[in-house]
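According to Swiss-Prot, the feature Mn(2+) 1 binding site maps to HIS133, ASP159, ASP163, ASP253, an assignment based on sequence analysis. Look at Swiss-Prot and you will find ASP159, HIS161, ASP253, ASP255 tagged as Mn(2+) 2 binding site, backed by sequence analysis.
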Amino acid sequence: MLEDYYPSTTSYYHGGIDDDLYTAKWGMVMTFLDLNDSSLTPFEGTHFALIGFKSDKGVYINNGRVGAVESPAAIRTQLAKFPWHLGNQVMVYDVGNIDGPNRSLEQLQNSLSKAIKRMCDLNLKPIVLGGGHETAYGHYLGLRQSLSPSDDLAVINMDAHFDLRPYDQTGPNSGTGFRQMFDDAVADKRLFKYFVLGIQEHNNNLFLFDFVAKSKGIQFLTGQDIYQMGHQKVCRAIDRFLEGQERVYLTIDMDCFSVGAAPGVSAIQSLGVDPNLAVLVLQHIAASRKLVGFDVVEVSPPHDIDNHTANLAATFIFYLVQIMAQHS
């Protein structure tokens, strides 16, 4: 039995029910699935599993604005309203949440990793609704556990921050996940391939830039780089990064976008990547056929305005699933 795991029992869709797939919405199509069901066998074809990670403990430790613990429900509510465009050949299963208010951050990350591995064993593409960006390390661990030690797994992070802070003194938090991945790779004698899109110089100290400069597998583009380059050049940079790689894990920190587009985040930004450009870049990553799982993190509903941020996060999920399904 999976620890800290609670299957979904509540629908987030409250509109009319229509049997016609031409007018169906996500909330009408999504089906509940219990990962603890021992009778399940691997699915055939391309299907997705949606799981919430109800933790912002890492945000609290990192002195951020807490509230991301509420985001899985907020994102599901927005996603449920969207039209369904994929017929009956693709399924999105809502498998529930990882939740443990009295559990440590490390315990919850470990529980998430086991749930992710279970999804992969069932041939389901994981979609994780964070939670703080501590979500990423648990998601990454689960993906790695589903692979052999020699298999590659590149990481693309759309984020204003590197999240490569050392954690030997403070312990893990929402700003250390990718340093933990880096350290795991070093211990396993693997190159950590990591590309950050949307870095803001005023949000990252010189130690982090120096660490990146000395690390062979790490690349980044600032938000200003992306603005100047346009989506086509950004996509070419991603292609170069993914050359020779078979798998990529994608994580989207909603603080990559300015407060005008994403007011409800743990760490607001005055500058940020254009969401329209982001959709084009995300679609390009999804079309690569290398994407094995993705998450959206750091939505903080108590700080949101008219669900703008939750809706934007749901929009990214919509387009990623569309393109992954069409290119499967």
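Here the Cβ of each residue, glycine as well, is placed from N, Cα and C on the backbone.
Worth saying up front: this structure is predicted, and the values here are computed from it rather than measured.
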Next on the checklist: Most Cβ neighbours within 10 Å: which of the binding-site residues HIS133, HIS161 is it?
Outcome noted: HIS133
Checklist entry - What's the CA to CA span in angstrom from HIS161 (Mn(2+) 2 binding site) over to ASP253 (Mn(2+) 1 binding site)? => result 9
Item to check | Conformational class of ASP253 (Mn(2+) 1 binding site) under the three-state DSSP mapping | outcome: strand
Checklist outcome for this item: Note on Mn(2+) 1: the CB centroid of HIS133, ASP159, ASP163, ASP253 has further same-chain residues inside 8 Å, namely ALA136, ASN157, ALA160, HIS161, SER174, GLY175, GLY177, PHE178, THR251, ASP255, CYS256, VAL297, GLU298
Checklist outcome for this item: ASP159 (Mn(2+) 1 binding site) to ASP255 (Mn(2+) 2 binding site), Cα to Cα, whole Å, comes out at 6
Checklist entry - Near the Mn(2+) 2 site, what residues other than ASP159, HIS161, ASP253, ASP255 in the same chain have a C-beta no further than 8 Å from the centroid of the listed C-beta atoms? => result HIS133, ASN157, MET158, ALA160, ASP163, GLY198, ASN203, MET254, CYS256, ALA267, GLU298
Checklist entry - Going along the chain, which residues six or more apart from ASP255 (Mn(2+) 2 binding site) have their CB under 8 A from its CB? => result ASP159, ALA160, HIS161, ALA262, VAL265, SER266, ALA267, ILE268, GLN269, GLY272, GLU298
